[in-house]
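Q: First, the structure itself, so that you have it in front of you.
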Amino acid sequence: MKRFSAPRAGIRRKPLSLLSLPVFAFLVVPTLIVVPVALNNSRYITFPPDGISLAAVQGFFADPAWTSALSASMQAAAIAVVLGVVFGASAAIGLHGRKFPGQQAVVGLVLAPMIVPTVVLALAFYQFFISVGLVGSIVPIGLAHAVIATPYVYLTTRASLAGLNPALVRSAQSLGAGTLSVFRHVHMPVILPGLISGALFAFSVSIDETVMSLFMQSPGATTLPVKMFTDIQFNLTPKIAVSSALLVTVATIGLLIQVVYVLKRRSTARMMPLAA
Amino acid sequence: MSTPTIAPTARQPGTATARKGAIELRQVRKTYGEVVAVDRLDLSIQPGEFVTLLGPSGSGKTTTMMMVAGFEEHTSGSVMIDGAPVDSLPPRERNLGVVFQNYALFPHMSARENVEFALRMRRVPKAESRRRADDALDRVGLAGLGGRKPRQLSGGQQQRVALARALVFNPAALLLDEPMAALDKRLREHMQEEIKALQKSLGISVLFVTHDQDEAMAMSDRIVVMKDGRIVQSGPPEEVYNHPVTDWVASFLGDTNLIPATVISREGGEAVVDLGGLGAGRVRDRGARGDKYAVSIRPEHLTFRVAPGRENSGTGELVSSTNLGATIRHRIMAGGRELQLRELSSNGGAAGQPAGATVHVGWDADKAQLLVLEG
């Protein structure tokens, strides 16, 4: 199968890769600077570092204010990933291969959280959760994150469904499969890569989200970015750099999972829909 | 929609040998908004019968099959399987084996897993389902290939897997939606024979959809010709081919000579007609009524004669002779119109005649058909 020859041919073009190298460096280096800063042997944020030590890292994990922020972020992300995957995947499967009046409007609605400015959403969620009395916990933040994570899962799932032969659904039905069996045996194998990358997107969207979390923060429901943002105004502790480094690490791990997964799928069986 | 109160006994396992698989459509109609896809269709398929819906795209043949399978809901009318209405049953409860145009095999499952799928859904014990799947694969000539994934199989093999998968659970009937469209000509002809042989040995009813008239001719017990959501003609292949009721059917099922005719008298299945420049004719008449008539004579039913005849004949000039390999196609200008005559190359016949020679042609009364000129 010749499907993957095209990207490789692109890399071989030397002049283009020489040009893209500085762009790549510009994108990545500032992000990576937080790592030496986090390992700095100083009580303040400084660069270049004076010496290397794990003091700041240890300090971060010894400080309950920072660890509870980390845990709040993880809880919000867990809610966002689970709900985002369920909503996004359901929307993608439900809208797949169908045509009905107003379909574009429904798609627009699903994608809206990507387009609406976060600060508008933040204000809306803030007022909504106050009016329903759901404040003072991580739940409203997680729910809000789920809303902005859903379009990402929808898009990645929709992309993987594009290769699905609609006759597969019909043939499974004719063979006696109910809705759940059709999902398990027809949709699931096809959308799994889309679901995984969608879940990773949802996770990083939630971990990174600051504005809504700031609006809805409360004691015990302060996420890591919010804690960083509020702290940086008062003291330049290297713990901020530690949390940044932590987020970079988490993002890198997520990316690696995806790369490994994709490579594994390519080397083993490629799931090619027949006669797509 | 009413739910069937009688559980059809034919659904019981172990009755594969019993004659079942009667499908009946009564006044079935399907509309998409203003568009009528299928218009009050009546069709009944006897147990063990191989019925082909033949028509151009947009004739409603696939929609009709999808309504039988339950993937499309009909607007009105009723579909019955073995005497029980299935209108309110979802596809998975209709117990019909469906083979789709591109087979629709599950790409991540092996051939055997594909075949076993229906048995798994029916909670057949693992050992039994494996044995039955292997039997089914064996029956379609794929013994030993059960472990392969669909993409490791050729087009013909994939189709066999699709057939085995559709047959393994003893369905009431088999629905085939242009199953040979993706195969090359040689393989297609081979598979036509194989499917036909398999259908005969199993005695299963088949509803077959195609736009390929050769395929329909080769496989069917009965051809149902559809056009614009309606049945134009229905009958055994030879009958539909030799005795089309309209000029459209005649031209859709292969080449034909259409000669406008004036009916002089019709009686007892025979009509006496005036064929203009070709003189008088005596032809088959199946009672079709319309404003304008024509006579259809297939090119292979037109033959050279040594002398001019009194009726059903003509004299004219040989325009051209083209050797097509197995047959020779002659064009003859007679009675002011061009006629096509096809004869076997091995006949020799008029093949020696040069273009421009005067030739006599004629046809048998029962090979010429009076039909209605549409439009």
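Glycine is no exception: its Cβ is also placed from the backbone N, Cα and C atoms.
The domain 'ABC transmembrane type-1' annotation in TrEMBL covers A:70-261. Sequence annotations record features per position, and here TrEMBL assigns transmembrane segment to A:21-39, A:76-95, A:107-128, A:134-155, A:190-207, A:240-263.
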Q: Hey, which bits of the same chain come close to the transmembrane segment (A:134-155), Cβ under 8 Å, at least six residues off its ends?
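A: For the transmembrane segment (A:134-155), the list is 72, 75-85, 87-89, 91-92, 110-114, 118, 121-122, 125, 195, 198-199, 201-202, 205-206, 209, 212-213, 216-221, 223.
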Q: Same chain only, please: residues at least 6 beyond the ends of the transmembrane segment (A:190-207) with a C-beta under 8 Å from a C-beta of the stretch. Say none if there are none.
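A: Distant Cβ neighbours of the transmembrane segment (A:190-207) are 73, 76-77, 80-81, 84-85, 88-89, 92-93, 142, 145-146, 148-150, 152-161, 163-164, 224-225, 247, 250-251, 254-255, 257-258, 261-262, 265, 271, 273.
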Q: Counting Cβ pairs under 8 Å to the transmembrane segment (A:21-39), which of A:76-95, A:107-128, A:240-263 comes out on top?
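A: Ranking A:76-95, A:107-128, A:240-263 by Cβ pairs under 8 Å to the transmembrane segment (A:21-39) puts A:240-263 first.
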Q: With Cβ-Cβ distances below 8 Å as the criterion, list the same-chain residues six or more beyond the ends of the transmembrane segment (A:240-263) that contact it, or say none.
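A: Same-chain residues near the transmembrane segment (A:240-263) but 6 or more away: 31-32, 34-35, 37-40, 45, 56-57, 59-60, 66, 69-70, 193, 196-197, 200, 203-204, 207-208, 224, 227-228, 231-232.
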